[in-house]
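Colleague: Would you mind keeping the following structure in view while I ask a few things?
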Amino acid sequence: MVQGPVTVTVTGAAGQIGYALLFRIASGHLLGADVPVKLRLLEITPALKAAEGTAMELADGAFPLLQSVDISDDPRVAFDGANVALLVGARPRTKGMERGDLLEANGGIFKPQGAAINEVAADDIKVLVVGNPANTNALIAQAHAPDVPAERFTAMTRLDHNRAISQLAAKLDVPVTAIKKLTIWGNHSATQYPDLFHAEVNGKVAAEQVDEAWLRDTFIPTVAKRGAAIIEARGASSAASAASAAIDHVFTWVNGTAEGDWTSAAIPSDGSYGVPEGLISSFPVTAKDGKFSIVPGLEIDAFSRERIDASVAELGEERDAVRGLGLI
Ligand code: NAD
Ligand code: LMR
């Protein structure tokens, strides 16, 4: 049980995800319906006025659990005493930008934020990186926070997890609650692998309830490319669903997974399942007493192995690229 008040820092607070996220935090969905919250909003200087506007709306919500809202453009102020940090603000890829440029631009954000977390956050700080490329941004922040236990830096694949559950539930015409033990492996990118071989629908193996062609040619690409499909449809990347997944990730981390189920989160690898130690990769995880643990001992067949390896190889390339840029 969490004792309040809990200080929650949200970066990119004036952005689209921030707008969907802050009101759910204020109404108690992040930590629990009885946990008071102090919000700290971090934005870049030109967006401070927009953040003020959001803070005015938060005040207008008269949320019983919301004790304070502070806004800053200085990471050392915004992360001071933070118990939970949601790193949402990131540099989006713009026209003509190469992947290396994107990684470098994000290094300029996540390096100082990691250093500030190291210096001023609370001892129990938990960090969730949402801003893309989320896994590698988490690696950058972690590298600059040597005094914070490495496992406190996580990246979000809960949106992919939720998308996979929703697609499977629709296919089998079952409620989402019938689906357990779904796993997203690897990177939050189009190489991610949503695994139905360990997932269960009403207690039976999910992969055995769908035909192989649908699993391979429809389910996996639909989940993996859903972010791009949302951008195509909305003209902007997913925001409310991403905020909702961030809420789910932290709520589960703090309050635990249900007996007989697990979730997906990108956490530092301990070498399990052939994922090189230290890479922040998505795994099947349980949560208990505020800690994620990788579900041990799953058998990985050749079909899954190939896809996990491909996504993990991409994470390795991203790590090598940021290493080459001197960001970690
Ligand atoms: P947005 O452009 O609407 O908002 C981003 C905000 O971040 C802006 O207000 C910007 O001013 C701010 N910002 C930029 N640099 C900052 C810094 N150094 N410190 C503090 N704030 C800073 O974008 P959005 O739609 O809210 O998305 C945010 C990020 O989340 C993007 O990188 C997006 O790709 C990513 N995303 C991730 C997932 C996921 O599942 N992991 C899902 C959806 C979106
Ligand atoms: C998503 O999965 O919706 C986003 O990560 C897509 C994106 O590129 O912003």
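Glycine is treated like the rest: Cβ placed from N, Cα and C.
Pulled from TrEMBL, these are the listed features:
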- 7-147: domain 'Lactate/malate dehydrogenase N-terminal' (DOMAIN)
- Gly12, Ala13, Ala14, Gly15, Gln16, Ile17, Gly18, Asn106, Gln113, Val130, Gly131, Asn132: NAD(+) binding site (BINDING)
- Arg93, Arg99, Asn132, Arg163: substrate binding site (BINDING)
- 157-319: domain 'Lactate/malate dehydrogenase C-terminal' (DOMAIN)
- His188: active site, proton acceptor (ACT_SITE)
Colleague: How many Å lie between the Cα of Gln113 (NAD(+) binding site) and the Cα of Arg163 (substrate binding site)?
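Modeller: Between the Cα atoms of Gln113 (NAD(+) binding site) and Arg163 (substrate binding site), the distance comes to 29 Å.
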Colleague: Residues with Cβ closer than 8 Å to the Cβ of Gly131 (NAD(+) binding site), same chain and 6+ apart in sequence?
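Modeller: Those within reach of Gly131 (NAD(+) binding site), by Cβ under 8 Å and sequence separation of 6 or more, are Thr11, Gly12, Leu87, Val88, Gly89, Ala90, Asn106, Ile109, Phe110, Asn137.
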Colleague: Cα-Cα, whole number of Å: Arg163 (substrate binding site) versus the residue listed as 'active site, proton acceptor'?
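Modeller: Here the two Cα atoms are 12 Å apart.
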Colleague: Let me make sure I understand the span of the substrate site: among Arg93, Arg99, Asn132, Arg163, what is the greatest distance between any two Cα atoms, in Å?
Modeller: 25
Colleague: Cβ distance under 8 Å to Ala14 (NAD(+) binding site), same chain, sequence separation 6 or more: which residues?
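Modeller: When sequence neighbours closer than 6 are ignored, Ala14 (NAD(+) binding site) has Leu41, Glu43, Ala47, Leu48, Ala50, Ala51, Gly53, Thr54 within Cβ distance under 8 Å.
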Colleague: Does anything in the same chain, at least 6 positions from Arg93 (substrate binding site), have a Cβ under 8 Å from its Cβ, and if so what?
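Modeller: Arg93 (substrate binding site) has long-range Cβ partners Leu102.
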Colleague: Over all shown protein chains, what is the count of other CB atoms within 10 A of the CB belonging to Arg99 (substrate binding site)?
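Modeller: Result for Arg99 (substrate binding site): 12 neighbouring Cβ atoms inside 10 Å.
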Colleague: Using Cα coordinates, what distance in whole Å links Arg99 (substrate binding site) and His188 (active site, proton acceptor)?
Modeller: 15
Colleague: Let me make sure I understand the structure: which of the binding-site residues listed (Gly12, Gly18) has the fewest other Cβ atoms within 10 A of its Cβ?
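Modeller: Looking at the binding-site residues Gly12, Gly18, the Cβ with the fewest others within 10 Å is that of Gly12.
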Colleague: Per DSSP, Gln16 (NAD(+) binding site) is which: helix, strand or coil?
Modeller: helix
Colleague: Reported as an integer number of Å, what is the Cα distance between Asn132 (substrate binding site) and His188 (active site, proton acceptor)?
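Modeller: Answer for this pair: 8 Å between alpha carbons.
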Colleague: So, by DSSP, how many helix, strand and coil residues make up the domain 'Lactate/malate dehydrogenase N-terminal' (7-147)?
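Modeller: For the domain 'Lactate/malate dehydrogenase N-terminal' (7-147), the helix, strand and coil counts are 63 helix, 26 strand, 52 coil.
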Colleague: Going by a 10 angstroms cut-off between Cβ atoms, which of the recorded positions Arg163, His188 has the sparsest surroundings?
Modeller: Arg163
Colleague: Do me a favour and check the Cα-Cα span between His188 (active site, proton acceptor) and Gln16 (NAD(+) binding site); whole Å is fine.
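Modeller: With the alpha carbons as reference points, the distance is 19 Å.
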